[in-house]
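Let me begin by presenting the structure, written as structure tokens, before commenting on it.
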Amino acid sequence: MFHAAEYISPGIATVIANTQPLLAAALGSVALNERLTWRGMAGLLLGFVGILSIAAPEFLSGGQKTYVIGIAYIILAALGITVSNVMIKRIAGKVDALMAMGLQMLIGSVPLGIVAWATEEPASIQWSFAFIGALVGLSLLGTALVYWLWFSVLEKAPLNRANAFSFLIPIFGLMIGTLFYGETLGWPQLTGIALAIAGVSLVTRYGTRSVTVAPETGLSRSPRTQE
């Protein structure tokens, strides 16, 4: 996710990464027994068209190489978040949230630290108060605290409903990109953003049925919700 910022703008990267509820809805239909309705399928298609609209100007401008690399990193990140969210939802309420997130951060830091030490130059880091502040902020507030709160939310809320709040993230990302990075967005990006968010909203709000189990017979039934 962070590496993709070397190739594409933070605002656009944020928008693309946070279409992951589309992927989560698709994976959840298998892993969480949530079946997509026709509105859900329409939402997935609408979100995909939005992504195409967002990416089209960069592809047509001749900067395909670096842009494709950045898009690839973001897609990999979105897939990782999708799988993680589904797995978290399946174990939420069964294990302690703080312990689960602590172990996730610890286990994830080992391969990341090895790769960073092997490919980067730690001696070249310019240690300053600004760098330390950013490092602590990203580590504690932007990563550990955020994942702990997210795990706590998934203990009580359905995955799709919780994912709806990620609709705010692209808006904040674009605001930050515009204010601090001088980004400008054309109508293709604005249209694509609207389509992607509308698609995610459609899937999350109207697109699924939950498969439940009848307590007396043990037979599964699929109530029609939000069809």
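The chain as shown is numbered from 1 upward.
Glycine is treated like the rest: Cβ placed from N, Cα and C.
Feature list (source: TrEMBL):
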DOMAIN    1-54  domain 'EamA'
DOMAIN    69-204  domain 'EamA'
TRANSMEM  12-32  transmembrane segment
TRANSMEM  44-61  transmembrane segment
TRANSMEM  67-88  transmembrane segment
TRANSMEM  100-119  transmembrane segment
TRANSMEM  125-150  transmembrane segment
TRANSMEM  162-181  transmembrane segment
TRANSMEM  187-204  transmembrane segment
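Mapped onto DSSP classes, the domain 'EamA' (69-204) shows 116 helix, 2 strand, 18 coil.
Helix first, then strand, then coil: DSSP counts for the domain 'EamA' (1-54) stand at 41 helix, 3 strand, 10 coil.
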